[in-house]
Ligand SMILES: Nc1ncnc2c1ncn2[C@@H]1O[C@H](COP(=O)(O)OP(=O)(O)OP(=O)(O)O)[C@@H](O)[C@H]1O
């Protein structure tokens, strides 16, 4: 039977050129999605830290530090939390303002204070004010309007490493020294590592590190949920254009439990680029091949892959060559251990090398996986027993083939010299 074509899609695609995308803006790093999968615990911890802002506003000045590697959702989670808390407070008649300042963009104390004033829509006089004067104006404004301010200082490590100690001191402690009855200023400090605070004087540190919330790198199943949320709920792509295999591949590549960095930003960027590549190839769907091509362009670890290959022993290289040659021969994305082993034996015997035993090869596969040189998966239903399925993290390119051949040749020459 002929496959039915959606007439609307057909007309639109003919006018606009075909695309897998539906709404590109939801893949933008600034976009705040409705859901934040796998950050529920952190949102709960933030709520516990700041609940007095709702229950007993002004009692104390609350401070929390958020720690996590890049792309672990620190910015998006605090922004979402801040906005929701502001809405809840406002509904209860508490005038709470959430302000998010990026210390990398607003690189000095003065620029930060200007940004805060602007977010509060507090007009400042044209004449150049000092930081102290600007702070005083902000402070008076909060008092006058009965406003509580929850201030997030994102990339706070940057501020610490570039600003004079007096400025850090001023920002963190001055408010305490004003000795006011109602505490209106509350902070979230975002840093990549807690050690970035270790250079600070104890008197400042004690004011910052009251409570620490960790944002661990995402595992592969968590990244899978984050990507699916952008696809299904945020509707980044047209329906049924992203194959499950492609999403699984991207999550596996970046998942911290599978040797990746656990960085959601990289995972989303890889998905977007895979879409662009699919469009450029006029493909109506995003396949695992598109995801691999995107990965080899985006993943900063690719050059590390090349370096790692250069350090491998002969039989690791032969195994990689076997996988790459299977990829070239067949259309499939993953190959069973049995097939890889068979190909490896053929290649070894062609080169006059004694192949390693099965148990040894299993160990090699395990190590190649740990080094991020292959990705593995367990076969699902439909195959007899559970078997390990193997794939390469990048498409087989001429460069990769040449690199493997050249390194294999070197090892063989070396072993001839030594024997
Ligand atoms: N749990 C999540 N659910 C949905 N999207 C997420 C989640 N975590 C991160 N993201 C997305 O991943 C990208 C990076 O997140 P974010 O900027 O918050 O990371 P970060 O920890 O602040 O990184 P950096 O330290 O580099 O600033 C953003 O596009 C963000 O929307």
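Backbone N, Cα and C define each Cβ position, glycine as well.
TrEMBL lists 72, 73, 74, 75, 76, 218, 230 with the feature ATP binding site. Contacts of residue 218 (ATP binding site) defined by a Cβ separation under 8 A and a same-chain sequence distance of 6+ are given as 38, 72, 73, 226, 254, 255, 256, 262, 263, 264, 267, in order along the sequence.
Taken from TrEMBL, the feature domain 'Cdc6 C-terminal' applies to 320-403. Confidence annotation: the domain 'Cdc6 C-terminal' (320-403) carries a mean pLDDT of 87 in the model.
Ligand 1 lies under 6 Å from the Cβ of 73, 74, 75, 76, out of the binding-site residues 73, 74, 75, 76, 230. For the ATP site, whose annotated binding residues are 72, 73, 74, 75, 76, 218, 230, the maximal Cα to Cα separation is 18 Å. Cβ environment of residue 75 (ATP binding site): 100, 154, 190 lie under 8 Å away, each six or more residues apart in the same chain.
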